[in-house]
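Trainee: According to TrEMBL, the record shows the following:
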type	residues	note
TRANSMEM	16-34	transmembrane segment
TRANSMEM	131-149	transmembrane segment
TRANSMEM	161-183	transmembrane segment
TRANSMEM	195-219	transmembrane segment
TRANSMEM	225-245	transmembrane segment
TRANSMEM	319-340	transmembrane segment
TRANSMEM	384-401	transmembrane segment
TRANSMEM	413-435	transmembrane segment
TRANSMEM	479-499	transmembrane segment
């Protein structure tokens with residue numbers, strides 16, 4: 001018997017057209033521009049702290065404090081650094097969820113209160129995702145211009161204004177990811193999804209690299225120019241999406257990829273034909289309407305509960321464990337995203353434009369880890385062993401990187417290895433696994449369900465990442481950077497533990513005979 005998904009992957013390759021390539025490239029770079037705009041803020045933190053805090057305090061007899069520092073918002077670097085953490089948390093909170101139900105009191109009536117990614121996911125299901133994405137890009141570009149460029153041009157410094165604008169930016173940007181995944185799922189089938197979406201999920205890391213390089217090139221001319229350049233690219237990209245992107249292959253007369261999914265090659269041709277007929281019948285009978293948020297939450301794998309608890313979500317401990325799993329990994333990745341350039345400048349004394357450039361190695365590692373992880377998971381037919389292996393080596397890589405010397409080459413290499421395992425696992429989970437969850441038999445053929453499911457998966461992790469941005473600057477000032485790395489190691493270790501114990505974390509394929517006893521030990525509790 002050949003590996004599962006072989007026939008589907010071959011059929012998918014034969015069905016590729018230039019429209020598929022165009023959609024892949026356009027969605028890839030549209031989300032890369034969104035991430036580049038986010039990366040701008042993390043790349044200019046040191047410069048913004050210098051702008052917001054007093055200077056020449058030790059020469060008050062020469063430089064009068066009221067004259068030279070009347071524009072400052074904070075009296076110390078620690079206060080400014082803490083405020084930057086608040087802005088990160090505000091962005092992530094609005095990006096994910098504005099009013100979240102309390103854990104242990106999750107009932108159907110409260111699920112309608114969710115915002116951010118949860119709402120944006122449903123927007124991508126109910127409206128043309130092309131329009132949702134383009135409007136999100138335009139709105140985010142305006143917010144970035146107001147936040148970083150206009151305030152500096154007018155010398156207007158207000159904590160309330162910064163928080164309000166960055167809150168709106170987080171909410172608007174939440175429209176991007178669910179809409180992007182929905183469009184990609186409309187064009188690409190299940191076979192080969194690990195490779196295709198693993199490659200495509202690198203758009204976030206590519207965007208980080210683009211944002212870092214743009215910032216490092218214009219930062220000597222003022223941090224406001226870094227915001228201006230990224231906002232301009234993002235705003236122009238919105239027009240390309242609106243006028244050039246096609247949301248579904250049906251719009252150009254091509255068949256839907258759903259017709260090609262979940263096909264398994266059999267030794268017997270009659271069995272294969274029967275399976276194809278069953279799949280086609282299921283697709284024809286499947287509902288086409290968008291699913292409700294509470295229906296998406298109850299899909300197997302979104303909330304890992306037993307058959308009895310499946311219909312009784314309230315007070316579910318498994319719900320907390322599963323959400324915590326995504327929150328742990330996303331907290332680590334987004335902490336690197338928000339604080340890595342500042343860490344390199346603050347800890348090693350490197351110039352900020354050099355720190356911005358070196359920080360891209362974490363993203364380069366994430367790209368390689370996501371793509372190779374997708375290829376391996378397609379080859380073996382499973383996601384869990386790949387993710388578990390990446391998490392194990394991720395703990396080791398973080399431990400080694402925390403001891404990195406003040407050497408740019410060594411630091412870059414260790415940073416890339418850490419990104420390969422930590423960010424690579426995040427790419428595989430957030431893209432390929434999210435898409436698989438939306439293609440389960442409960443919603444087979446209902447493409448509109450995918451954006452809602454993706455919003456839930458990505459949003460649950462963003463909530464945890466938001467809390468992390470509040471404690472990192474405090475830990476760094478009070479205890480030191482080593483305490484931050486110990487927190488990262490602990491979080492990844494907790495995620496590994498949850499992955500072992502949660503039975504339906506990745507309920508996709510049966511165990512294959514290729515794997516050894518070590519794999520069986522790691523994945524037996526995860527896969528059925």
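From the backbone N, Cα and C atoms, a Cβ is placed for every residue, glycine too.
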Trainee: At a threshold of under 8 Å on Cβ distances, which of 16-34, 161-183, 384-401 pairs most often with the transmembrane segment (131-149)?
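Mentor: Per the Cβ count, the answer is 161-183.
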Trainee: Considering only the recorded stretches 161-183, 195-219, 225-245, 384-401, state which has the highest number of Cβ pairs under 8 Å to the transmembrane segment (16-34).
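Mentor: The stretch with the most close Cβ contacts to the transmembrane segment (16-34) is 195-219.
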Trainee: By a Cβ-Cβ criterion of under 8 Å, what residues six or more beyond either terminus of the transmembrane segment (195-219) are in contact with it?
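Mentor: Counting only partners 6 or more residues beyond its ends, the transmembrane segment (195-219) has Cβ contacts under 8 Å with 24, 27-29, 31-40, 43-44, 47, 180, 184, 188, 225-226, 229-230, 233, 337, 341, 352-354, 356-357, 359-360, 363-364, 366-367, 370-375, 377-378, 419, 423, 427-428, 430-432, 435.
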Trainee: Determine which residues of the chain contact the transmembrane segment (225-245) at the Cβ level, with the cut-off under 8 Å and only residues 6 or more beyond its ends counted.
Mentor: 22-23, 26-27, 29-30, 33-34, 36-37, 40, 43-44, 130-131, 133-135, 137-138, 140-142, 144-145, 147-149, 183, 211, 214-215, 218-219
